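Trainee: Provided herewith is a single structure, encoded as structure tokens, for subsequent inquiry.
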Amino acid sequence: MKATSNLLLLWGTSLLSPSSAFVIDNHHYQHPLVVDDSSSSSISPLKIFTSSGPSANKEDAPSYRKNLLSLHKSLIEIPSISRTEQEVGKFLLDYLRNNLGYIAKAQFLEGSSSDPFSQYDDDDHSQGRFNVLAWPSSHNLSSPRVLVTSHIDVVPPFIPYHISTSSESDEEITSDAFISGRGSVDAKASVAAQIVAVEELIRAKEVDPADLMLLFVVGEEISGDGMKTFSVVYNDAEKSKKEELPRFKAAIYGEPTENKLSCGHKGHTGGVLKATGIAGHSGYPWLFKSATEILVKALAKIIDADLGSSERYGNTTVNIGTIAGGVAANVIPKEASAKLAIRVAAGNQATGADIVRSAVDKILKEVDEEAFTMEWAGGYGPVECDCDVDGFETMVASYGTDVPNFEGDHVSYLYGPGSILVAHGDDEGLKVGDLETAVEGYKTLIKHALGA
């Protein structure tokens, strides 16, 4: 038994070792499927949401308001654009350890694949980027059944914190006060609400602290490398033949869902489409081949095509992010390229991306047998999440998350305050009441996931 306990503690320390794009045009396939509000289904990929779910009393401020707003403000005030998350990570380590008394560790991304059991250092953060792992209980770091997680990186540019009150005193702040700044929604609102929710449940003795673990990852807005690192290390430890180790029963992911419980989100694939032509004088286009011309023709067909759809996730949509080509207006271009981001609504998580790729490859051959090269950059199909929880309205998201980056047989829940429609914009923000509603929502989800 002693050997097993030591291994569990070793596993506890060993763990340390792609957004919604609404394309505005008049084509059927570039819009979500319209869902009849009169239907029995409560899932809608189209609606613009309003706050819902278990909510805090909006007349009387909850006892945790001051701590919630203070934590949220501190997180926003620290710039953490993807790949530069170290300072906000240091803040969280200090906050979780010194303010809450949790066990908190840094999980460095570098070197994780070669030696997952020796990649931590609690004090020296010069090793580079790191995830933040925290356990409310120090009794057994390997016993948690529910993972509560979100991301601490944000998109550029940095936007300072602001709250719409004449004073920041507790008396002046109401549930209608508006908080803005980069990350105020995506996803520092979720981070703050999750931490407060966990602490409130523990203080009320509604959960066993040993059942919970917190994970705040880097890199979600770019490649998902933070969650992918955690997944690799976690699953390497789980696959160890030395002893059976406990597995998470559920993972609760924090992302802006307007405090609705997401039933899943579209998948994603994409890459760079390159066209090769024959350069020549622009006065004689029939003698040469314009790379930009055939590229535009192919892109038009891709946008107009039915790349797959489903009742839950709507239509697969395409965003042409960048187009480049040619050297001068009077030269027929030899080369042209475009970067595509495709939100996949067909198939399942394992097959959806392949369905879309096959459809795109077929279109390219129809336009020109030899001119195109498509460099695909990974991908996955629609991601399902559990949304069968009493007290929540539901939705389906068109953006990507870290849900597919954490491999395992756990149940996934996707929920959080704020709207994705402002998440990456200059007007990113949400109301105090939305934050407080999220705290209550996370409390409900945690208790549901634990079967409490």
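Including glycine, each Cβ sits where the backbone N, Cα and C put it.
Got these off Swiss-Prot a minute ago, pasting:
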type	residues	note
ACT_SITE	E220	active site, proton acceptor
BINDING	D186, E221	Zn(2+) 1 binding site
BINDING	D186	Zn(2+) 2 binding site
CARBOHYD	N140	N-linked glycosylation site
CARBOHYD	N315	N-linked glycosylation site
SIGNAL	1-28	signal peptide
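Please situate the listed features within the shown structure.
Mentor: The Cβ neighbour count for E220 (active site, proton acceptor), using a 10 Å radius over every protein chain in view, is 28. In the three-state DSSP scheme, E220 (active site, proton acceptor) is classed as coil.
Secondary structure from DSSP puts D186 (Zn(2+) 1 binding site) in coil.
Around the Cβ of D186 (Zn(2+) 1 binding site), a 10 Å sphere holds 30 further Cβ atoms from the protein chains shown.
A sphere of 10 angstroms centred on the C-beta of N315 (N-linked glycosylation site) encloses 23 other C-beta atoms.
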Trainee: What's the number of neighbouring CB atoms sitting within 10 A of the CB on E221 (Zn(2+) 1 binding site)?
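Mentor: Counting Cβ neighbours of E221 (Zn(2+) 1 binding site) within 10 Å gives 22.
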Trainee: Would you kindly give the Cα-Cα distance separating N315 (N-linked glycosylation site) and D186 (Zn(2+) 1 binding site), rounded to the nearest Å?
Mentor: 25
Trainee: Fill in the CA-CA distance, E220 (active site, proton acceptor) to N315 (N-linked glycosylation site), as an integer in Å.
Mentor: 24
Trainee: Taking DSSP as the reference, which of helix, strand or coil describes N315 (N-linked glycosylation site)?
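Mentor: Its secondary structure by DSSP: strand.
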